[in-house]
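This report concerns only the one structure given below.
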Amino acid sequence: MSNKKRFGSAPSAGPKKGIQVQEKTAKKIGLFASVAILFNCICGTGIFFKNRSIFVNNHGNAVGVLVTWLLLTFIAFATAYSYIEISKVKTKVDDSGISGYYERYVGNRSSRFIKLIYPLFYWGIFVVVMSVFASEALLNIFPQVWVTDSSGNKLPGTIGGFSFAIVLLIGLAMSIFFLTLNFISKMVLPTISQKLSYVKFFALSFITIGAIVLFAKHPDYNIITNIDNSPDESLNSLSGQFNFSSVLTSAPAVLFAYDGFLVIGLLKSDVKNPDKTIPLSMILGMLLAGFVFIFITVCQLLCGCASPYLIFDKLIPNNNVLRNVFIEIISILIFVSLFSSLNSQVLGQTRSCQAAIDEEIIFGYRWFKRISNGRRSDLFGGTVCSLMSTIFWFILTGVPAIIINSDQIIDGFGNLVVLAIFVIYGVLPFFTLPRWCKVPTNEAKHERLQPITAVIGGVGCIGVPLYVGVGQFIINIIHDPFGPNTEWGLWYSGNVMTNLQGCIIFWITFVLLFALPLTNDLLLRHYDREYKQPFVWQKGDPKHFDVRFNG
């Protein structure tokens, strides 16, 4: 294989002519569809459940909850604004996303590392997390699995009484369903994402309107003036005191919400006029998502309910039939919303895996290209790679989750991966500053506020995860290693993990983050003697991009 650098993929054999024609004439994604995909990937009904942990972490203090959302939204938006300039640069493969940006701004080693952790680490874990959440939401539709309290009352939004293995199997089936659609056409998942975004918006609107009506009927329920008036028993027992450290401790839940803002960069080859559409869709999508998140949070504070089910339970207290109908409607809408979010995650996963195959950096790339030759979908290899990664992470995270019988491990992995990825998001904007920028300005013009937003986004994206990592998984473990970990988990009512178990998951995540790319390249070096690209520990030629673009 030649080591000559070039743009685009290097297929082991050319596709059929019919496929070439289809690729040229395929329908492209416009601005509206791009914003819909981005909004669909970021914004979901999961905010109601993430808000529960944010409310509890802030001791029910309304100011703390709002500061959490405003501060982290500001950091996330500043970071997204920094990527307006970054997303305009040319990359070796159109759909490589942030890894391609790193190659241009930082260098080969960091770029290759990121190119590998996305298909091997990030997307695999995230698809498992969203699959489990969607599975739990599906089961929550059925009142038979709702947990009962000490008085015998059913508690919608809390499921249990069966093995967690059932949740995992349903989630795996959902992932395989979306991956299978990629075998048909690469445009199936973007189309589904655009259509289902309407359902998600309806779900968010339906629950938010319920919260507003409840506040209008019972203004005394709001926890802005008095936490003790909340109809939510899990909130009115809290102290209501403001603590800035609690704001930072709540950061992973908020960052989890904003994590998908770069997914549209993985669809560059499918987007109309990508140099304008992608930056604009990132800004519009982030503004829309930020407004929705903060507005919903304010509504929850006003009605005093951290749970969407409790909203209608208190809104219709004297009509059991009507109340149950509304709760079932909410359950179905929440499931469809999370099902839609899973679709968006699989969409990003397959593009990332395909980019790794096209650039010939993932172990087994020759085999993936060989099985893709002549297939109807040009994402065939990426889909097979995604399937293998998904099954690997389902086994790695699912087995201990079944043993402990808790969804906290799955949720914990999701939160920790987000922290790691936001550090990666935060480093890159610093390399757009004039002092360190390697990309010529005639290719990516500096934006007016770029130096300011780069510093804000970079410091925030690095500082917040660092604080959480040191405070929660080092200092807190020293003080209370066997205390209950109440910050992770969603619907499933199983056993509660200890802080020490959470710490173990943190360090396993940290080790795998670096071990997987290293293992991939060690396998390539051992089994592919003709491999010419620099490995993750080797420095590449820093001039190959300058020569290409200036010549």
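Cβ atoms are placed via backbone N, Cα and C, with glycine included.
Automated prediction, rather than curation, is the source of TrEMBL annotations.
Computed from a predicted structure; not experimentally measured.
As recorded in TrEMBL:
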- 29-49: transmembrane segment (TRANSMEM)
- 61-84: transmembrane segment (TRANSMEM)
- 120-142: transmembrane segment (TRANSMEM)
- 162-184: transmembrane segment (TRANSMEM)
- 196-216: transmembrane segment (TRANSMEM)
- 244-267: transmembrane segment (TRANSMEM)
- 279-312: transmembrane segment (TRANSMEM)
- 324-342: transmembrane segment (TRANSMEM)
- 379-403: transmembrane segment (TRANSMEM)
- 409-431: transmembrane segment (TRANSMEM)
- 452-478: transmembrane segment (TRANSMEM)
- 498-519: transmembrane segment (TRANSMEM)
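Note: the stretches the transmembrane segment (498-519) and the transmembrane segment (120-142) are in contact (3+ CB pairs below 8 A, sequence gap of 6 or more). Of the two recorded stretches, the transmembrane segment (324-342) lies close to the transmembrane segment (196-216), with three or more CB pairs under 8 Å once pairs fewer than 6 apart in sequence are set aside. Using the rule of three or more Cβ pairs under 8 Å, pairs at least 6 apart in sequence, the transmembrane segment (279-312) is in contact with the transmembrane segment (61-84). The highest tally of CB pairs under 8 A with the transmembrane segment (379-403), across 61-84, 162-184, 196-216, 409-431, 452-478, is held by 162-184. For the transmembrane segment (409-431), the list of distant contacts is 79, 82-83, 86, 98, 101-102, 105-106, 114, 121-122, 125-126, 128-129, 132, 252-253, 255-256, 259, 262, 397-398, 400-401, 437-438, 453-455, 457-462, 464-466, 468-469, 485, 488-490, 497, 502, 505-506, 509-510, 513: same-chain residues at least six beyond its ends, Cβ to Cβ under 8 Å. Tertiary proximity for the transmembrane segment (162-184) is limited to same-chain residues at least six positions away from its ends with a CB under 8 Å from its CB atoms, namely 127-128, 131-132, 134-136, 138-139, 145, 192, 339, 342-343, 346, 350, 375-377, 379-380, 382-383, 386-387, 390-391, 394, 398, 401-402, 405-407, 492, 494. Among residues of the same chain six or more beyond the transmembrane segment (196-216), those with a C-beta under 8 A of the stretch's C-beta atoms are 36-37, 39-40, 43-45, 47-48, 222, 292, 295-296, 299-300, 302-303, 305, 308, 311-312, 314-315, 326, 329-330, 333-334, 336-337, 339-341, 343.
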